[in-house]
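Q: So that we are looking at the same thing, I have put the structure below in structure tokens.
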Amino acid sequence: MELNIHNAEILLSAANKSHYPQDELPEIALAGRSNVGKSSFINTMLNRKNLARTSGKPGKTQLLNFFNIDDKMRFVDVPGYGYARVSKKEREKWGCMIEEYLTTRENLRAVVSLVDLRHDPSADDVQMYEFLKYYEIPVIIVATKADKIPRGKWNKHESAIKKKLNFDPSDDFILFSSVSKAGMDEAWDAILEKL
């Protein structure tokens, strides 16, 4: 698929099914805990400074944000999970919204699950990966913030993450940095393959 990534815009924000775009365009969802670098990932992948607003305040994305890319596909930014300063009720509401999208959306082709390369995956990260495997949703693991770790230690951190996730070697695992753009081409290759 030929894709002009510069032709990208935020299309809409949705709280439930009735607000989703009503067409056949394939979608790639982006999931990860708060402040893992989802907005930076979107901006880097689409070569934009602030198409997706980055925030110092975790838990800012509370809706599903749909980004139209060249009228050929969409990124869907899912609310960040695991942020403690949101009420339990609010978290449950997000959980239902995310689950409804991931399990019922026919346009969904794969989920990019973002984890922080510097740390072991959280219980939420593990749960998300298990959820995606259970529902047989194709998953691409993207380990962000690779620039914060010396290159010589990347393998060690990658192994620790894979072990904690009980990683399936048939899934893609990509080391990524929005600062150096490392992993950007690999991420696009993996995404386009799923479409």
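We count from 1, first residue shown onward.
Keep in mind that glycine also has a Cβ here, set from the backbone N, Cα and C atoms.
Per Swiss-Prot, the features are:
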BINDING   32-39, 59-63, 77-80, 144-147, 176-178  GTP binding site
BINDING   SER39, THR61  Mg(2+) binding site
DOMAIN    24-195  domain 'EngB-type G'
Q: Tell me, by DSSP, whether GLY32 (GTP binding site) is helix, strand or coil?
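A: Its secondary structure by DSSP: strand.
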Q: If we count other C-beta atoms within 10 Å, could you say which of the binding-site residues GLY32, PRO79 has the fewest?
A: PRO79
Q: For the domain 'EngB-type G' (24-195), would you mind checking the mean pLDDT of the predicted model?
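A: Reported value for the domain 'EngB-type G' (24-195) is a mean pLDDT of 91.
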Q: Taking the Cβ of LYS145 (GTP binding site) as the centre, how many other Cβ atoms fall within a 10 Å radius?
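A: That number is 20.
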Q: What are the non-local neighbours of PHE176 (GTP binding site), defined as same-chain residues 6+ apart in sequence with CB under 8 A from its CB?
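A: Long-range Cβ contacts: PHE41, VAL142, ALA143, THR144, ALA146, ALA182, GLY183, MET184, ALA187.
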Q: Whole-number Å only: compute the distance from the Cα of LEU63 (GTP binding site) to the Cα of SER39 (Mg(2+) binding site).
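A: Given the Cα positions, LEU63 (GTP binding site) is 14 Å from SER39 (Mg(2+) binding site).
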Q: With every protein chain in view, what's the tally of Cβ atoms within 10 Å of the Cβ of LEU63 (GTP binding site), excluding that atom itself?
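A: Counting Cβ neighbours of LEU63 (GTP binding site) within 10 Å gives 16.
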Q: Which is it, of LYS38, SER39: the one of these binding-site residues whose Cβ has the most other Cβ atoms within 10 Å?
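A: Buried the deepest by this measure is LYS38.
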Q: Which whole-number value in Å describes the distance between the Cα atoms of LYS145 (GTP binding site) and SER39 (Mg(2+) binding site)?
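A: Here the two Cα atoms lie 12 Å apart.
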Q: Taking the Cβ of ASN35 (GTP binding site) as the centre, count every other Cβ atom within 10 Å, in any protein chain shown.
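A: For ASN35 (GTP binding site), the 10 Å Cβ neighbour count is 20.
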